[in-house]
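Undergrad: Dumping what TrEMBL says about this protein:
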SIGNAL    1-19  signal peptide
TRANSMEM  361-385  transmembrane segment
TRANSMEM  397-420  transmembrane segment
TRANSMEM  426-446  transmembrane segment
TRANSMEM  458-481  transmembrane segment
TRANSMEM  501-520  transmembrane segment
TRANSMEM  527-548  transmembrane segment
TRANSMEM  554-572  transmembrane segment
TRANSMEM  579-599  transmembrane segment
TRANSMEM  641-661  transmembrane segment
TRANSMEM  673-696  transmembrane segment
TRANSMEM  702-723  transmembrane segment
Amino acid sequence: MLAALAAILVVPGVSGFGAAGGSVAGAGSAAPAVPEGPVVLVGTTGVRWSDLKAPVDGVGDELAGAEPAEPPLAPYLAGLLDDAGLADRRGADAAGLALTTGAAARCPAGGWLALSAGGLAESAPAPRAACEEPAVEPAAGQDTQAVVAGWADWQALQRGSAYGARLGRLGDALDGMCTTAVGAGAAVAVARADGSVGRYADDVGPEAFECPVTVIDAGSALLAHDEIDRADAEDLRAERVAAVDAEVRRVLAEVPEDATVVVADLANQRERGPRLGIGLVLRPAGPDGAGPRYLTSSATRTTGVARAGDLPATLLAAAGLAAADGIEDTPLLAGADRPASGTETIDALADLTERDHERRAAYSVLVEGGFWAALALAGLCWWAAARGRASGARAAAVGAALFLSAVPVAGFLASLTGWWRFPLPGLALGAAVVAIAGLLAGLAALVPARRTWARPGFLAGVTFVVLTVDGLASTVLNRAAPLGAAPSYGARFYGFGNPTFCVYAVAGLVLAAALAQWLVSRGRRGLAATAVAGVGLVAVIVDVLPQFGADLGGGPALVPAFAVLGIAAYGGRLRVRRIVAVTAGGAVLVAAIGVADWLRPAAQRSHLGRFVADVIEGEAWSLLARKAAYAARSVLAGPSVWVTVLLLLAVALVLFTPVLGRRLEPAWSVAACSAWPLLRPAVAAIWLVAVIGSLINDFGLRIGMICLVVAVPLLTLTVLGVAGRTGDRTGQGAAGPAVDRAALGK
């Protein structure tokens with residue numbers, strides 16, 4: 001199975017290698033997209049890749065390959081991907097740019113402020129606060145032609161912000177290098193820490209390009225908050241996109257032949273959700289005759305995806321300067337060849353955003369819907385058992401438990417279908433998940449139920465194997481899965497995100513418990529503990545190492561969880577001090593991996609190594625404070641999180657309070673733990689993952705909730721298996737005597 005899945009994942013066109021949204025191998029060693037030399041950054045706001053697509057009337061016309069009814073909203077920008085519209089340049093290298101989100105995206109100026117700070121920066125004190133438009137005031141000085149109006153107010157805003165941004169980082173890094181700003185937004189980007197701008201012009205002219213670095217504000221297509229709901233909002237936006245398109249055309253007509261041009265959108269329409277902005281690099285045609293490429297960066301490791309946050313390092317590298325403190329050394333890189341057709345490239349990059357939005361909608365169904373469906377099934381089974389209902393409905397309940405247990409891995413395997421290429425991608429994704437989950441449930445039903453742990457172990461094993469192979473294959477499945485990282489939202493671009501970690505951790509623990517129980521039933525406790533350690537080692541390697549899952553918060557939860565299960569499999573006693581010691585060991589292990597990643601060249605580091613660098617440079621505390629605030633706010637996420645807290649507390653009472661636990665534990669739990677003696681330690685291990693993960697990750701209590709989404713159907717399947725057995729009235733399953741609470745340190 002491992003070999004078959006691995007073979008599938010490396011088939012071109014299936015895996016996504018070399019295609020927009022696919023993984024990038026060796027991103028840290030790729031060539032810079034912007035060579036050292038004169039560079040011109042043309043910034044816009046509110047222009048998205050769909051504005052470069054020619055509209056098609058409907059799904060039927062799209063299927064038939066009909067010609068567009070009208071030109072795109074931004075025809076000049078679209079043309080840059082074919083012949084650049086300029087005789088001396090090749091078609092543009094291209095990427096979707098992940099833009100600022102959250103509090104940093106409250107106002108259009110947030111994109112320009114982020115360039116200035118080399119990271120996220122506050123642009124307004126509250127979500128509905130009035131936005132200040134960038135403006136400049138003339139200044140007379142030997143090395144100053146303008147100052148940014150209201151600069152002190154923006155600086156004061158950062159002092160009360162969780163971002164802890166320091167405005168003027170880029171300008172200070174360029175100080176001493178001749179740099180020209182054209183337009184107010186550009187002035188914000190290159191202003192020094194005091195808000196001053198050395199060279200400034202209101203409009204493009206020959207003198208604008210006398211410096212090695214030129215930054216130009218080409219206008220905005222964004223609508224004001226009070227314009228969003230106007231009847232003519234779409235027409236108004238179309239006019240503004242056309243105006244920006246015309247301005248870019250006018251600017252590029254003035255750019256010197258030897259300059260590299262970067263066209264980048266910097267801000268989303270906040271009311272419409274995050275979308276990837278346009279990112280283009282136009283280089284002078286070289287003698288090598290190389291074709292146009294997708295852009296990427298070492299921060300995203302994704303073909304055709306970069307960040308607006310990569311632009312400061314790009315400008316500094318083009319100017320021959322090292323990345324300054326506080327600015328990530330992640331310049332734009334030249335990735336895989338893109339299609340020669342501009343239309344195909346535009347379609348592929350526009351589809352990335354649409355795919356992300358479909359995935360986010362499916363995420364809500366799989367997580368929220370899966371949570372309540374799992375609890376409803378478990379509750380119905382409990383209710384039926386308490387009232388001695390006939391077992392006629394048991395087969396249906398088993399089928400439902402099998403299906404729900406298979407849904408998480410089906411969400412990842414659905415990526416192999418290329419669901420986003422269908423005219424109705426949301427429907428295609430849903431159908432793929434249902435079909436794959438049904439197939440896996442059918443296969444699991446063929447597994448003999450004589451051993452209580454067999455079917456849960458099988459489904460957990462399939463899940464663990466699939467995600468292990470995916471982690472080793474650059475998380476190909478994650479990149480299109482509902483529970484995988486979505487680049488449009490900017491939080492994570494590669495590796496295992498928090499939802500994937502939850503699925504992987506729970507599946508690994510249930511698989512390890514099933515394997516260990518099989519060995520314990522044969523009197524091989526030492527081998528059982530070794531099996532748990534082996535599964536745990538694989539899980540830690542795949543989840544934590546930078547070249548695979550790159551999950552900073554996974555190790556401190558995985559290590560103690562597998563240690564608890566391994567000690568129980570060996571027959572040892574678990575004490576609180578042992579759990580604390582092992583948890584500390586997990587934290588030390590992750591820290592060591594982070595330091596090892598930090599020792600690599602800056603361009604090759606994952607976010608683990610960059611975090612260590614932030615700690616060393618004193619820049620990490622604002623990040624930690626912001627993540628802690630995110631985690632704390634998860635308490636307000638709604639009923640599903642509140643129920644999660646209650647369930648985790650109830651499980652803690654049953655597991656860790658000897659007298660009260662015996663009174664609270666239902667009969668079906670006692671029977672299940674008797675038939676599968678390692679079930680109780682497995683539940684304790686899952687509880688540790690849920691609690692530790694919730695405490696140390698910015699995802700907060702949603703970690704615990706998703707752990708329950710995966711664990712509850714598997715545990716329900718176990719209980720149903722015990723209830724369906726005949727001739728076993730003693731409370732002792734085929735595996736032998738039950739593990740008592742002493743194994744958990746009671």
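We count from 1, first residue shown onward.
Each residue, glycine too, has its Cβ placed from N, Cα and C.
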Undergrad: State, in range form, which of 361-385, 397-420, 554-572, 579-599, 673-696 has the highest count of Cβ pairs under 8 Å to the transmembrane segment (458-481).
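TA: Selected stretch: 397-420, with the most Cβ pairs under 8 Å.
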Undergrad: Which one of these stretches, 501-520, 527-548, 579-599, has the most C-beta pairs shorter than 8 Å to the transmembrane segment (702-723)?
TA: 501-520
Undergrad: Mind checking which residues reach the transmembrane segment (554-572)? Cβ under 8 Å, same chain, six or more beyond either end.
TA: 496, 501, 505, 508-509, 512-513, 516, 519-520, 525-526, 528-529, 531-533, 535-536, 539-540, 543-544, 578-579, 582-583, 585-587, 589-590, 593, 678, 680-682, 684-686, 688-689, 692-693, 696, 739, 743-744
Undergrad: Checking distant contacts: for the transmembrane segment (527-548), what same-chain residues at least six beyond its ends satisfy Cβ-Cβ under 8 A?
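TA: Result: 464, 467-468, 471-472, 475, 495-496, 501, 504-505, 508, 511-513, 515-517, 519-520, 554-555, 558-559, 561-563, 565-567, 569-570, 589-590, 593, 597, 605-606, 608-609.
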Undergrad: For the transmembrane segment (361-385), could you work out the same-chain residues 6 or more beyond its ends whose Cβ comes under 8 Å from its Cβ atoms?
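TA: Here the qualifying positions are 393, 397, 400-401, 404, 407-408, 411, 426, 429-430, 433, 482-483, 499, 640, 643-644, 666-668, 702, 705-706, 708-709, 712-713, 715-716, 719-720, 723.
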Undergrad: Give the nonlocal contacts of the transmembrane segment (501-520) in its own chain as ranges (CB under 8 Å, at least six residues past its ends).
TA: 408-409, 412, 451, 453-454, 456-457, 460-461, 463-464, 467-468, 471, 483, 527-529, 531-532, 535-536, 538-539, 542-543, 549, 551, 553-554, 557-558, 561-562, 565-566, 569, 676-679, 681-682, 685-686, 689, 693, 703, 706-707, 709-711, 714, 735-736
